[in-house]
Amino acid sequence: MEVEPPLYPVAGAAGPQGDEDRHGVPDGPEAPLDELVGAYPNYNEEEEERRYYRRKRLGVVKNVLAASTGVTLTYGVYLGLLQMQLILHYDETYREVKYGNMGLPDIDSKMLMGINVTPIAALLYTPVLIRFFGTKWMMFLAVGIYALFVSTNYWERYYTLVPSAVALGMAIVPLWASMGNYITRMSQKYYEYSHYKEQDEQGPQQRPPRGSHAPYLLVFQAIFYSFFHLSFACAQLPMIYFLNNYLYDLNHTLINVQSCGTKSQGILNGFNKTVLRTLPRSKNLIVVESVLMAVAFLAMLMVLGLCGAAYRPTEEIDLRSVGWGNIFQLPFKHVRDFRLRHLVPFFIYSGFEVLFACTGFALGYGVCSMGLERLAYLLIAYSLGASASSVLGLLGLWLPRSVPLVAGAGLHLLLTLSLFFWAPAPRVLQHSWIFYFVAALWGVGSALNKTGLSTLLGILYEDKERQDFIFTIYHWWQAVAIFVVYLGSSLPMKAKLAVLLVTLVAAAASYLWMEQKLQQGLVPRQPRIPKPQHKVRGYRYLEEDNSDESDMEGEQGQGDCAEDEAPQAGPLGAEPAGPCRKPCPYEQALGGDGPEEQ
């Protein structure tokens, strides 16, 4: 009986073919080592490297799209819910039937105060929170707080609405500061992954040239604001598909309104106290709020699962290791920089113009003349105009960077002057297309303003150790402007337009003055970022260069090393410790060069 041959040949065993396999390669002890453990014969290192960095670039694009979509859904849910609840709570019949003498108007005023007043303190804690949690996790936490605010509207009481509104007010500035930092970091990463060969030639610790990431930053900011401005349109979906079915027409709601536009005083003076024909059933309200809650939860999952980290783990350790006291002080120290001081009026105007579009123009001009049932379509016109015009921020690829900002300011200047002399008659719809046209044009100016400012800050402050401070200052001033608008909501329309006009002119003049100073070669004074102080000296911190060292500090360090004498070889042929590097513990033990003996 013949023995069946083994399925696999035994190494070193002589078979019918001797000590060679079917490819003619010797088997057993004489087999060459390269044939066993060598590289794959068809492996192309350059092609694999190209594919690797292509996947990295696609990952960066995925991060930008996920962050943009998450913020769009979050703000669409937040603005839509807030608008729907304020309209329902305004109707006195709804308040009396649903809530009796609970004092719903007082709760609403406290809720709005929590949303608008709390961000004033954000400058004190935002950089600390971003450095403590990290950029991505700060975004996730802030989006979760927005979802918490949505969930509390299931049970509308003082102890649910007001605390959640205060928490939401605390999360506004951290969300936007971390988002601006995140988009800027993604543009820098995309540059690194696109020019990886240059990075290999220059060395891993060499910073890329100044402004090299600017083209990618322009594209990513245009994508982000194209998505974000759609949130104003998404916020109108509950109004269109649900609330408009219960509203009275303009002949009832505007029966006592005498003047609109530039002649108006406060917010809708004389507006009817009853705006609902029939009261919506509680079951229908729960269904709408459940849909909004599901969308908010989806936004949380998108930020959590699809957004990658903005920094490497070692970079985040370095950013936190400068000291919490320094992190707290650095936003205030950056006021020394004349560029930030010149941009503060633009920061304030950026907050003014968004609130004016959503409250001043939409209510004082649009609703006052066309009725509450057309508010949603007016804001959709603003949203679509702003979203489509965010692409105009790409003009910075071919034109000077001041062109988008100045163009947006010029457009808003013309519209503001026109609104000074426009007082539309109440309950007149013959020229309703003018309202939609003005809203769309205002959206164009808003898009140029937002994309221009965010791109400018990302170009002027591209050091990763400064970006969270800069975007915190930017959005804190926006929050201050929104607080001022909240305080002045009862002013006459002419006073609001005058404040808007003066701020706009001052912002444009201050910005052009800043650009002139930069062209003259005036060097801004920036605070020094302290070096990381690590409690544990691991292998990561024995590298030659510090990942958080600025260019000026690096040049000074190299100059100091050039003056020093060449280090002598240690015992047993130990190699020199390298320029500007302390000896590792092993070298200190061999050479007696530890800190105790210096």
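Yeah, the Cβs are placed from backbone N, Cα and C, and that goes for glycine too.
From a predicted model like this one, the values you see are computed outputs, not experimental measurements.
Noted from Swiss-Prot: of N116, N251, the annotation N-linked glycosylation site belongs to N251. For the transmembrane segment (469-489), same-chain residues at least 6 beyond its ends with a Cβ under 8 Å from one of its own Cβ atoms are 112-113, 116-117, 119-120, 122-123, 126-127, 130, 172-173, 176-178, 180-181, 184, 266-267, 330-331, 334, 340, 343-344, 347-352, 354-356, 359, 453-454, 457, 460-461, 495-496, 499.
Taking the Cα atom of each, N251 (N-linked glycosylation site) and N449 (N-linked glycosylation site) are about 37 angstrom apart. Counted over residue pairs 6 or more apart, the CB atoms of the transmembrane segment (343-363) and the transmembrane segment (132-152) come under 8 Å in fewer than three pairs, which marks the two as apart.
N272 (N-linked glycosylation site) is surrounded by 18 other CB atoms, counting those within 10 A of its CB over all protein chains shown. In this structure, the glycosylation sites under consideration are N251, N449, and the one with the smallest number of other Cβ atoms within 10 Å of its Cβ is N251. Under the DSSP three-state reduction, N272 (N-linked glycosylation site) is assigned to coil, being neither helix nor strand.
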